[in-house]
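> Take this structure first; my questions come after.
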Amino acid sequence: MAAKRNAVTTEAPESSAPGEGTALALDSRLSKRVESVIPKKRHEALKWFGWGYNDSQFYGQDGIICFRGEKYPLGGCELPSFTKWVEKKFDLRVDTTKPYPQLPRTYPRPVENAPFLHELKGTTQVDYSVEGIDRLVRCHGQTLNDIYSLWHHKFRRIPDLVVWPRCHDEVVQLVRLAHKHNVMLVPFGGGTSVSGAITCPQNESRMICALDTSQMNRLLWLNRENLTVCFESGIVGQDLERVLRDEGLTVGHEPDSYEFSTLGGWVATRASGMKKNVYGNIEDLVVRVRMVTPSGTLERECSAPRVSCGPDFNHVILGSEGTLGVITEVVLKVRPLPSVRRYGSLAFPNFEQGVLFMREVARRRCQPASVRLMDNEQFMFGQALKPEKSWWSGVVDAMKQRYVTSWKGIDLNQICAATLLFEGDLKDVQRQEALIYEIAAKFQGFPAGGQNGERGYILTFVIAYIRDFGLHQGIVAESFETSVPWDRCSLLCRSVKQRVVSECSKRSINYYTISCRVTQTYDAGACIYFYFGFRSTDVADPVELFEAIEHSARDEILSCGGSLSHHHGVGKIRSHWYRNAVTETGSSLYSAAKRHLDPKNIFALGNLLPLEEAHPQAVASPPPPSTSSTPPKAKL
């Protein structure tokens, strides 16, 4: 998935976690700065108006949907089956004449804070920019609302300044200056948020400074004896794994946004990866983390595997979504690279049987690195995404289909599929495969081939590109997720789909798709991912309508016992439910921490709790620009 291999250079570290610099097991006392696949000027490699690389996208040609881009297996393919699926599902033809949006000719005028700018230039060496394009590409994440607003030039407020600190100490300088001069800070990593977490607050009157962490991407140290590594927070997922692969190691954290999201973003949102069954979620991988706040640097002094010293402040940082400070350095667990990596897939006669299989696998704690169950709608969608085949391949597929429908007696309108990924040494993988297929057989499941499993796994990285193509063609679509106890898993899936169908009917939406998949399994429950989209060619405000239906779907999720979020986080779009999710006492505790760590509310993103609830004093009476210095750095 990564672009071409880039160089790693070495230089003396400017900072490192306390106590690690003298460890005998360290491979090197020199840090490694990574030449990232994403340049400092993001728009040179990534789309300013949507997801992913500039050279990768779905497009229409002669009435057929195609995909361009050498970084993905679909690159250069025509997709006639996908074209037919879109035409049938949404009753529309692919329009090859519609232009994509153009960069705005003008940008919102920046708000200036002269004392802050004067001190930034005079007392620091931090690089910065006031260019319109640099500001625009850091004013948003990747929600449907974000992208729609970009396309229609709806953002009234974008960052007034972009800064690129290069290390922890420069972040300390920036936070002190922002606190001193009452400048709002937006920590910006990979820009992949789908919760509105990094969307620029539109009503903020103070100067807004986007703190881009991309130049903080060094490997600070590696300890082979302890199997731990320390990275700066701005390193991108694929860069992090490429550097570790050169050392024969892996972190194994692979979210769908892995190509573009950053380590700091994973921590800030409590992210989950596709291979969490083997490696764990981000909270399982983090040993230590440093976060700079206006009240000092928050970090734990000890890197022992477990400590019992009161509440774990790592978990104050995990999931804080940029509202308390800037994450600068993270110590992670690493594992040796697996010697064997093998894909597989399973077919089940219906979704309910598939869920029972997933439950049994979780109960016996024999999950492979990744196991994901798609419902029939997603299964048919995945089949439609297959490139055009040769005549002989078509004959073979027809024979396979006849085998499934005639010999197995499976209804193609009910069939669902699971994709599998096994990692480990050969004997462990073989043993795991045998057990998984044995369990599947108890629920009428049967193997469907490794090639289908690999395709299904890799296609995950292409899905977001489809959202932008759909928007271009008059279809609004987005995903949302939850986690749920096992005894309510199938009920929740059915109920949410029925709720969406009902909401579409009430609004006279006749052409839509709603599907789900089980993506993560635990002892006590599972993660459910929903995909919803509808034709919006005749809708005045399609995003507002989409959000209204999604809001109803979230109400249904919560009433069925589902969580507010499994891994996307709360951000702004789910803050409506946050107080009920954590109780009045919990929200008050968060607000108290917010006021202590950020007394002037310079991290006023409005995530988790609405701004007036999270920091009522700052909203009621915003403090004037201060000339006093920040309290001295303190360990909290």
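First residue shown is number 1, and so on along the chain.
Note that Cβ sites are derived from N, Cα and C of the backbone, with glycine treated the same way.
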> Region 'Disordered' per TrEMBL sits at which of 1-22, 89-110, 243-264?
1-22
> At a 10 A cut-off on CB-CB distances, which of the binding-site residues A271, I327 has the highest count?
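The residue with the densest Cβ neighbourhood is I327.
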> Work out how many Å separate S261 (FAD binding site) and R372 (site 'Important for enzyme activity') at their Cα atoms, rounded off.
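Computed Cα spacing between S261 (FAD binding site) and R372 (site 'Important for enzyme activity') is 22 Å.
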> Closest to R467 (substrate binding site): which of the binding-site residues S257, A271, T323, I327, going by Cα position?
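Nearest candidate: S257.
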> What is the total of other Cβ atoms whose distance to the Cβ of R372 (site 'Important for enzyme activity') is within 10 Å?
24
> These are the binding-site residues: P187, G191. Which one scores highest on other Cβ atoms within 10 Å?
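Checking each of P187, G191, the winner is P187.
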